[in-house]
Amino acid sequence: MPVITLPDGSQRQFENAVSVLDVAASIGAGLAKACIAGRVNGELVDACELIETDATLSIITAKDQEGLEILRHSCAHLLGHAIKQLWPQTKMAIGPVIDNGFYYDVDLDQMLTEEDIQALEARMLELAQKDYDVVKKTVSWQEARDVFESRSETYKVAILDENIARDDKPGLYHHEEYIDMCRGPHVPNMRFCHHFKLQKTSGAYWRGDAKNKMLQRIYGTAWADKKQLNAYLQRLEEAAKRDHRKIGKQLDLYHMQEEAPGMVFWHNDGWIIFRELETFIRQKLREYDYEEVKGPFMMDRVLWERSGHWDKYADAMFTTSSENREYAIKPMNCPGHVQIFNQGLKSYRDLPLRMAEFGSCHRNEPSGSLHGLMRVRGFTQDDAHIFCAENQIQDEVSACIRMVYDTYSTFGFKNIAVKLSTRPEKRIGSDEMWDRAEEALSAALKHNNIEFDLQPGEGAFYGPKIEFTLHDCLDRAWQCGTVQLDFALPGRLGATYVGEDNDRHVPVMIHRAILGSMERFIGILTEETAGYFPLWLAPLQAVVMNITDNQADYVKEVVNTLNESGIRAKADLRNEKIGFKIREHTLKRVPYMLVCGDKEMEAGEIAVRTRRGVDLGKFKVTDLVEQLRKEISTRVLNVVEE
């Protein structure tokens, strides 16, 4: 007679073993209809799962994040059902849930076209609207293997052979004549899977190994209702308009090319943004009392072996050789900073020592993962390392947190998710040391009134860490900032300081990044602003235009005044209609367009118009200079009308 305890603390007793769905039905018909799965004693299970002993139970519906993920996983199975009907020779590989959707890797002789994807989506909808029950059968390993071998599903057989223990009991999910294998749970009925959209295809190697066969990966999104689906598709449409690759080309910021994959060719205007960002971060470094250093791009393999990077990152490092010595181009700055710390005897009075670098790093990312500025091989880290004593950790981390929030607020990022990752099973150092370190990070977050999620066991083997994830205007997540304690690297590379007791001690090292990669952050900013950069970052801050040749000299005078005042301005003296010039510079997102006619010239004024089309009226040139300089120096987010 199992007693089921519900989330509100109420209890229900049943005569016999009872399914999750039965419990939902005992509460109400509406809940039974909405029930996708259950969480029994903390574990997600199918709605058909029998509960035989006393247990806690939460009913999972499509309103829950877990319910949405289950629904998406079932849509992957639905894709398999449909593709096997349209192309029976297809071999199914894996079909997991991803952010906002799912994908399935399939082995199919023909390349799927756009028309094929449309036909596949139509068949999926046709099947889903039959509202058939999904039937789960738990079988032996051998039974599962026999099922898939009889259907020539070689990838499923390989998964069984290589990934599933012989004494395991795989779950087979029956979608009418189609069978798929999964841990589950899945929806009990396909009425939950009506709102989806297939999005794109790409290539993907089986097992992610380039030595294996290239499969076709079909991506889709799925939601609980039509409203959510349409809202997501609208966000995607807006994201496409904001794509930094498209805007970067339109505004002539940078380009990439095949001869240097993952390396950025910065054009003049893009490089202006880069340097302004660098100047801003340098200002923060001065405010927070950092030294700025510059380490070499390339160091001997021996050093990377001592640091431990060679064992863990060798595949991601570019290497070269000279005079019988092997070198690696640095993928990160930290070993170089320890070398700088090691020059000269350090005392406890020298700590904390805060060392920052705009380090040019390179990582041999797979070519298929490269994506504009967001995923590159050559990048610049706004990296810093703080060498401190253990009793200084909390104060230093607290200062790092303030610096992170201070920086992000300048760009208008207010929705910041924070995670604290604690000790993993395999780690160095004593439990007492980890206790103190984790408490220091937690206390620093609490001291700054920062809410955070705990991620037990997710820290690095050498120390706990804090991660800062930005959410942009489209609610996309970008993990940028990190504060990571390191108890290992200083000792491995021989870093010590003399303590108050006159003994040698190994400093704690705090790895700290705010923007992460300068390139990636510029990509994020480009998409966040849709190319409407704040005035201080805009490559061209004002363009001055004449109406007739009569004002040409006056325009040049205005431009000179602006430039001498530190405002990036250019003249447009082309023999074109003023409306044409304004439209062209509006498309270039120039913040201010200044128009000079005879009246303005005679009055020593300028007519001011913004890139959003707002007429701000006429200004004395000196007054306009004062206003623009104020906007630039205070780094306001938007020009006046925005």
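Note that the numbers count up from 1, one per residue, in the order the chain is shown.
Backbone N, Cα and C define each Cβ position, glycine as well.
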For the Zn(2+) site that Swiss-Prot assigns to Cys334, His385, which of the candidates His244, His505, His511 is also assigned?
-> His511
If H, G and I count as helix, E and B as strand, and all else as coil, what does DSSP give for His385 (Zn(2+) binding site)?
-> strand
Apart from the site residues Cys334, His385, His511, the 8 Å Cβ neighbourhood of the Zn(2+) centroid comprises Met332, Asn333, His337, Asp383, Ala384, Gln484, Asp486, Leu489, Met509, Ile510, Arg512
Identify, in sequence order, the residues in the chain of Cys334 (Zn(2+) binding site) that are 6 or more apart from it along the sequence and have a CB within less than 8 Å of its CB; answer 'none' if there are none.
-> Ser307, Asp383, His385, Asp486, Leu489, Met509, His511
Within 10 Å of the Cβ of His511 (Zn(2+) binding site), how many other Cβ atoms can be counted across all chains shown?
-> 23
Secondary structure composition of the domain 'TGS' (1-61) [DSSP: H/G/I, E/B, coil] | 14 helix, 24 strand, 23 coil
Enter the number of other CB atoms within 10 angstroms of the CB of His385 (Zn(2+) binding site).
-> 26
